[in-house]
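First comes the structure, then the notes that go with it.
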Amino acid sequence: MTTRNDCLALDAQDSLAPLRQQFALPEGVIYLDGNSLGARPVAALARAQAVIAEEWGNGLIRSWNSAGWRDLSERLGNRLATLIGARDGEVVVTDTTSINLFKVLSAALRVQATRSPERRVIVTETSNFPTDLYIAEGLADMLQQGYTLRLVDSPEELPQAIDQDTAVVMLTHVNYKTGYMHDMQALTALSHECGALAIWDLAHSAGAVPVDLHQAGADYAIGCTYKYLNGGPGSQAFVWVSPQLCDLVPQPLSGWFGHSRQFAMEPRYEPSNGIARYLCGTQPITSLAMVECGLDVFAQTDMASLRRKSLALTDLFIELVEQRCAAHELTLVTPREHAKRGSHVSFEHPEGYAVIQALIDRGVIGDYREPRIMRFGFTPLYTTFTEVWDAVQILGEILDRKTWAQAQFQVRHSVT
């Protein structure tokens with residue numbers, strides 16, 4: 001059985017361990033929720049102060065030029081591109097994941113309407129993140145052209161669900177509940193064989209697992225920066241479009257930042273060439289600047305190293321939970337196979353919500369998703385092996401003593 005000393009030894013050998021010092025982590029907290037909101041980079045505080053006091057305070061409107069505000073979305077996109085297998089000039093950091101999905105799904109359906117107008121099906125998973133389903137449903141309803149969602153209940157059913165009626169396959173690479181990771185390349189190839197376009201949501205992938213959009217042959221990708229990329233609460237999302245598709249159609253939110261001649265102030269819209277056309281309105285500079293602090297840390301390592309540690313952390317967590325908590329009603333819902341696992345681990349428990357609240361009370365922060373799913377995120381930039389060991393011991397104590405049954409842990413908060 002793995003001991004705490006074994007975990008201390010793993011931490012001593014961890015080449016990524018020094019990066020933890022670049023994050024502001026509270027004393028007495030084991031943070032296993034970076035899959036929901038990443039920790040604050042230490043540099044973010046000074047960067048925010050510089051943007052507010054210097055660039056805004058002293059530079060005023062001049063900072064759109066002198067501080068490079070105008071091109072910040074594109075510059076950040078170029079830096080983020082290296083983490084997802086994209087190239088310079090193919091990614092912009094802007095808006096929210098929901099808004100960017102609306103843009104790319106609209107564009108994909110418009111492309112398909114010119115190629116195969118008879119296709120009216122959007123294939124996705126029942127367990128996809130709800131906002132993705134809501135956006136697709138709302139767009140289909142708005143278009144009033146007979147588009148329908150075909151919801152698939154398990155990954156194994158996807159190959160049969162994608163057929164000649166499919167216009168778009170819209171999937172999240174790593175499932176937000178289970179941590180199941182799709183084979184992006186295989187499913188994209190299958191989509192293309194059937195004449196469909198593939199949209200990938202990388203919310204739980206970017207900064208967590210290696211992604212190569214070009215190698216996978218993907219058509220569109222979106223994702224957020226506030227999880228593993230540590231961009232801060234509500235930080236801007238990103239959007240990528242295959243160069244073969246990018247200029248075929250305009251995206252529907254034709255704001256002035258996406259205009260080819262923004263300050264010509266022309267009465268009619270003319271989209272920029274390339275990914276800049278996926279910009280819309282004026283960018284939130286203070287928040288965007290925080291994204292760069294997170295990307296600065298990633299520039300000091302590589303995704304292969306992060307993936308190795310992620311798998312080691314999640315392997316250890318699964319092993320320890322199944323040893324320490326074997327007598328309790330815990331069911332692993334995350335795949336054991338490395339090729340199918342993201343960077344978070346989920347266990348089901350009948351009192352999952354209350355257990356998570358009791359853990360938080362003890363300084364171990366995970367989160368809860370309906371129904372009965374306890375999620376634990378492992379961020380290789382700052383999670384240690386010893387923290388994994390300590391967290392499992394605390395979980396075991398809570399289950400042994402039924403601490404979760406206390407009334408205070410039954411109270412439902414608005415955010416779980």
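Note that the numbers count up from 1, one per residue, in the order the chain is shown.
Every residue, even glycine, has its Cβ placed from backbone N, Cα and C.
Listed by Swiss-Prot as binding pyridoxal 5'-phosphate are T97, S98, F129, P130, T131, D132, T172, D201, H204, Y226, W256; the candidate from T82, T114, T148, T282 that the record includes in that site is T282. A straight line from the CA of H204 (pyridoxal 5'-phosphate binding site) to the CA of K227 (N6-(pyridoxal phosphate)lysine) spans 7 Å. With respect to their backbone Cα atoms, K227 (N6-(pyridoxal phosphate)lysine) and W256 (pyridoxal 5'-phosphate binding site) stand 29 Å from each other. The Cβ of F129 (pyridoxal 5'-phosphate binding site) lies under 8 Å from the Cβ of T172, Y176, D201, A203, each of which sits 6+ residues away along the same chain. Residues within less than 8 Å, Cβ to Cβ, of W256 (pyridoxal 5'-phosphate binding site) and separated from it by at least 6 positions along the same chain comprise Q262, G281, T282. Residues T97, S98, F129, P130, T131, D132, T172, D201, H204, Y226, W256, T282 are listed as the pyridoxal 5'-phosphate binders, and the farthest two of them sit 30 Å apart at their Cα atoms.
Around the Cβ of T131 (pyridoxal 5'-phosphate binding site), the same chain contributes T97, S98, L101, each under 8 angstroms and 6 or more positions distant in sequence.
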